[in-house]
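Engineer: Pasting the relevant annotations from TrEMBL:
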DOMAIN    A:112-402  domain 'NADH:quinone oxidoreductase/Mrp antiporter transmembrane'
TRANSMEM  A:25-45  transmembrane segment
TRANSMEM  A:60-78  transmembrane segment
TRANSMEM  A:90-110  transmembrane segment
TRANSMEM  A:116-133  transmembrane segment
TRANSMEM  A:145-168  transmembrane segment
TRANSMEM  A:188-205  transmembrane segment
TRANSMEM  A:258-279  transmembrane segment
TRANSMEM  A:286-307  transmembrane segment
TRANSMEM  A:313-334  transmembrane segment
TRANSMEM  A:355-378  transmembrane segment
TRANSMEM  A:390-410  transmembrane segment
TRANSMEM  A:430-452  transmembrane segment
Amino acid sequence: MNIIITIAVTALVVLYAGLFKAKKALLPITLIGLLTALGFVAVSWNTDQVYYGMMQMDNFALAFSGITILGTLFIFLLTQNYFAKDSENIAEYFTLILFALVGIVIMVSYKNMSMLFIGLEIMSVSLYILAGIRKSNFASNEASLKYFLMGAFSTGFLLFGITLIYGATGSFDLDAINNYLVGNYTSISPMFYSGLILMMIGLSFKIGAAPFHFWVPDVYEGSPTLIMSFMSTVVKTAGFAAFLRLFADTFAPLHDFWMPPLMVIVCLTLLIGNVTALFQKNFKRMLAYSSVSHAGYLLFSLIALTANSANNVLVYAAAYTFASIIAFGVLIIVKQKTGSDHFDSFNGLAKRNPLIAFVLTVAMLSLAGIPLTAGFIGKYLMFLNVMQEYQILLVAFAILNALVGFYYYFKVIVAMYFKEGKEIELETPAQYRVVLVLSVIITLFLGIYPAVILNLI
Amino acid sequence: MTHQLQGVPLNHYIWLSAIIFTIGVVGVLTRRNAIVIFMSVELMLNAVNLLLTAFSVHSNDPSGQVFVFFIMALAAAEVAVGLSIIVMVYRNTQSIDINVLNRLKW
């Protein structure tokens, strides 16, 4: 609870700082607030507090809060001069991102369906505004409207699902629902099954899993790059944590019922995400499709429910978050210099900017899942988990998809090192360098010494 | 009043809400005007509200009706943001037909 209060108060203080034109103070205030929130995460570790049956700050919630807060912190460090050219009033950007983070922390720690809904809406409403924050840019407008219509539509499904489950069990509380499932295993009301499927559809929309992914590339490409990096890392992690809390804990007794439809979703997501990413000429759009395919790998953990499922998602989400932050950071720098986000603008980058080329290479290797990077550990754990259930065909299919992934991730590495291009020198502000190097260190550290995060939850 | 309402079988509420919800879903999928799509979404949410209230009265549990208040409040927030997004799009394109929004390809 302290975490939520800290972030919300920081958001309000930032808004007032903006009112009094204290532009220089915005970033320090935000960073102090987020670091305090991280401190509260560390302090409440292992305490497992429950707040009035609404929220439960168990280690699962704290670990995911920690990852999302740290990711947001890194994204805030990338904001240097980014919003300033769009608008005079940059305090609103900071506040909206912080409010979205409040929603995210609620989403990862809910113990009652109503909190899931409220957290999701606090996050979504902030993101609708953030996606369309470039008011006169048509692509940004379009992204915002599409995101809004799809988001509201999927919320409808989610709510109808919650209602049917409430009708069947008479409660919104996750424990009560779980008790109902265990107690009436042979006579579960058909309403419950339809509610479960509707909730699965609603949440799949939110995390962008196929066949409900069609809004993802458009919205991601249209929104400002920094907002896209927030949406595809932090928001996605939160969506998976919410999905996992519901399906891996509460609905676990019905695993045999919801596993087959989920398997279809996983296979479609992997196939569509990877194959479409192959044909993209635009780096930003490629990252959008790659984020769809990573949603498929993340859902993998739910195919075979074991004690490690939650921790595997945490490892994968951490690997994906930090690698993506590097990719988006570099994309912002390159786009500021060349004005384009095509693969061609990366040509010959390595000659004059060895550091940038190196960090982007590490990020791409991690996203592709090459050993010694965090991405490999994430993929390895996911595959191992499913292997234990002897679903060999599914693992083979996923490995095939990972191989397809190698091709499009290596495309940018090849462009940087082996293609001739204009020899441009990129301007990397100090804050960017800090974020990029820190993310690379985390990525490599988790890849070489994964034991620190393996048994966290 | 509550007694009379409870005289209506719960199944009727479920079917009514399911039908209203389906009308909303079909509206979102087939209409091309952003405002009408938006209205269809509201129809979906109101079907949910009706069903929640019916369940809540049926099982004598107030938490369902409290949830309805949450949905109403957050739907109002969504309306505020959504309508301003539509106004912003209208200012730039002079249209609220979502077919205009195909600048970004699939």
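Every residue gets a Cβ built from N, Cα and C, even glycine.
Nobody curates TrEMBL annotations by hand; they come from automatic prediction.
The structure displayed is predicted, hence computed values, not measured ones.
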Engineer: Which listed stretch (A:25-45, A:90-110, A:145-168, A:313-334, A:390-410) has the most C-beta pairs under 8 A with the transmembrane segment (A:355-378)?
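Structural biologist: Going through each listed stretch, the top one turns out to be A:313-334.
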Engineer: Find the member of A:25-45, A:60-78, A:313-334, A:390-410 that has more C-beta pairs under 8 Å to the transmembrane segment (A:258-279) than any other listed stretch.
Structural biologist: A:390-410
Engineer: Please determine whether the transmembrane segment (A:430-452) and the transmembrane segment (A:313-334) are in contact (criterion: at least three Cβ-Cβ distances under 8 Å, sequence separation 6 or more).
Structural biologist: yes
Engineer: Counting Cβ pairs closer than 8 Å, which of A:90-110, A:145-168, A:286-307, A:313-334 has the most of them with the transmembrane segment (A:25-45)?
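Structural biologist: Of the candidates A:90-110, A:145-168, A:286-307, A:313-334, A:90-110 scores highest.
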Engineer: Can we call the transmembrane segment (A:313-334) and the transmembrane segment (A:286-307) in contact, meaning three or more C-beta pairs below 8 angstroms at a sequence separation of 6+?
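Structural biologist: These two segments touch.
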